[in-house]
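Participant: Next up is a structure, given as structure tokens.
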Amino acid sequence: MAKSCEKKDEGNDLKEEAQASDGGWGWIVLVGAVLLNLLIGGAVTTFGVLYVELMDLFHQNASKTAWVGSVANAMGLLFSPIASAMSTRFSCRSMAIVGGVITSIGWVTTGFMPKIEYMFITYGLVAGIGKSMANIPSIIMIGRWFDKRRSLANGLATSGAGVGTFIFAPLLEFLLRKYGFQGTMLVMSSVMLNICVCGSLFRPVPKYTKLKGSSLTGIPNKVFTINESADFSMAADGRIPHKTVMGISNKITTKNSDNDTKFRQSNNNENKTLKSYLDYTLLTNQRFICFCISVMLATLGHSPASTMLPALAMQFDIRSKEAAFLLSITGIADIVGRITFGVLCDVKLFKKNRQTLYVFAIFISGVANMCCGFASEYWHFVIYSCIFGLFAGSYNVLTPVILVDLLGVENLSSSCGLALLFQGLGFLVGPPTAGFVTDMVGDYQSGFYFAGVAMVISSIVVNLSIICTLCTTLNKDNYEINRADKVVNDINEVEHIKNETRYHQI
């Protein structure tokens, strides 16, 4: 009887599993994600430099000009579910490269727009969608390549946005003085093409073929499975008869790990629509929907606070240069906070309590916003900037990690896309609502009170998700207990009937 390379029982299927290595090429993927966040995050957070230039160039009011950046930020997140599905349908590498090209096109066309209304399409819609198509793959790839160090990797990747703020702010100011608005857009469009280089580093996680229900020991390039029933006899001259070989060949499964896998996956993908790659059934999960609402409320409080801080400081006769430096302080604290929370979430003590860290960080950020409304001296604002920057950026680090904890890494693509959709709603609604509150009351303190309340409510909503899960678990346990009691009662009743029958027979 032939000795098999792998035992294959009837009914078992070969399946492919991607295994996170927590190292190797994953570190190169992390470098690409850091640089990608540096380019995208830096360009987005320094829109304030372009903001002043656009108002002077097109002679528009502050509110209308601000919508250019708001649409870009919102579209970068509202398009996330589609970008997530497309990343699954095609590949994270190809999506990041295409996103870089689209972002570059958005920047270069913005430089030649005669009216600011057109920039809602070029800078807001086109560049915003490109940013989303490039950003989503970086989040997904970090989740796939890292397991034990996933929180640290997310912290390092997202900290690139803070570094980009320091680089792009002086760069944009220099380019505007040197080349004007159109020249700046041309240079920045070429800079955005470097996103394609970052995306090219997003190599897929190696997949290993595994026999369901047993272990796999294969040959590097080919995997053979031969049934034990494939008996054959050798001919006198040492050769296997042709008839026997033909019989065995039907019982051998051959798989090429490089070519056949891609061919089979491409055939499967052709039969699926783009909609099938986004799991909308996740919206029926109580914990997930509560977490998404929490993310939206946190963004609702985060975006107005970072936008209105210089204006609030200048309201107390603080010079514009010093007021702008407060954002730099917030950026430094933000980098420290993201890396710190990334490290803490991988520590054994906090690994099972990541959601508690999220609640704590959002709650402290909300309290800091409300306390900032009472600030009047420059050192008050410096303390606020340090505390808010340290804690507020943490939810960007913790969001992908908590989603994996809640729904598993296999649902990271869909869950992340849907969560960022809610975050986009926060970016879209937050600044205009805070501005409306400020105009109604007449001071910037009210905008910070609004932001603080939103973030505190965000921390409460997450706790509601924990209560929902606890209630669901208790109901399930009670159902199982009642079901077990019913089974026991049925067994006892059957035994009783048997005993009575035997008694009457006797």
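Each Cβ is built from the backbone N, Cα and C atoms, and glycine gets one as well.
Sharing the features that TrEMBL gives for it:
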DOMAIN    29-470  domain 'Major facilitator superfamily (MFS) profile'
TRANSMEM  25-52  transmembrane segment
TRANSMEM  64-83  transmembrane segment
TRANSMEM  95-114  transmembrane segment
TRANSMEM  120-140  transmembrane segment
TRANSMEM  152-172  transmembrane segment
TRANSMEM  184-202  transmembrane segment
TRANSMEM  288-305  transmembrane segment
TRANSMEM  325-345  transmembrane segment
TRANSMEM  357-376  transmembrane segment
TRANSMEM  382-404  transmembrane segment
TRANSMEM  416-437  transmembrane segment
TRANSMEM  449-474  transmembrane segment
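Locate each feature and note its surroundings.
Facilitator: Residues 65-66, 68-69, 72-73, 76, 96, 103, 131, 134-135, 138-139, 141-142, 145-146, 153, 156-165, 167-169, 172-173, 176, 188, 191-192, 194-195, 197-203, 331 of the same chain, all 6+ positions outside the transmembrane segment (25-52), place their C-beta atoms under 8 angstroms from a C-beta of that stretch.
For the transmembrane segment (64-83), the residues of the chain that approach it from at least six positions outside its boundaries are 44, 47, 50-51, 54-55, 58, 95, 99, 116, 119-120, 123-125, 127-129, 131-133, 135-137, 274, 278, 303, 414, 416-421, 423-425, 427-428, 431-432, 435, judged by C-beta separation under 8 angstroms.
Sequence-distant neighbours of the transmembrane segment (120-140) (same chain, 6+ residues past either end, Cβ-Cβ under 8 Å): 32-33, 36-37, 40, 44, 67-80, 83-84, 86-87, 92-93, 95-96, 98-107, 109-110, 113, 154, 157, 192, 195, 198-199, 202, 400, 412-413, 416-417, 420.
When Cβ-Cβ distances below 8 Å are used as the criterion, the transmembrane segment (152-172) is approached by residues 26, 30, 33-46, 49-50, 138-139, 142, 145-146, 184, 188, 327-328, 331-332, 334-335, 338-343, 345-346, 393, 396-398, 400-401 of the same chain, each at least six residues removed from its ends.
Counting same-chain residues at least six beyond the ends of the transmembrane segment (382-404), those with a Cβ under 8 angstroms from any Cβ of the stretch are 139, 142-143, 150-151, 154-155, 158, 162, 288, 291, 295, 298, 302, 305, 309, 326-327, 329-334, 336-338, 340-342, 345, 354-355, 357-358, 361-362, 364-365, 368-369, 371-372, 375, 411-412, 415-416, 419.
Within the chain, the transmembrane segment (416-437) has long-range Cβ neighbours (under 8 A, six or more residues past its boundaries) at 63, 66, 70, 73-85, 132, 136, 139-140, 143, 278, 280, 282-283, 288, 291-293, 295-304, 307-308, 399-400, 403, 446-447, 450-451, 454.
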Participant: Give the one range among 184-202, 288-305, 357-376 whose Cβ atoms make the most pairs under 8 Å with those of the transmembrane segment (95-114).
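Facilitator: By the under-8 Å Cβ criterion, the transmembrane segment (95-114) pairs most with 184-202.
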Participant: Find the average pLDDT over the domain 'Major facilitator superfamily (MFS) profile' (29-470) in the predicted model and report it.
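Facilitator: 76, rounded to a whole number.
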Participant: Taking pairs 6 or more apart in sequence, does the count of Cβ pairs under 8 Å between the transmembrane segment (357-376) and the transmembrane segment (184-202) hit 3 or more?
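Facilitator: Per Cβ check, the transmembrane segment (357-376) does not touch the transmembrane segment (184-202).
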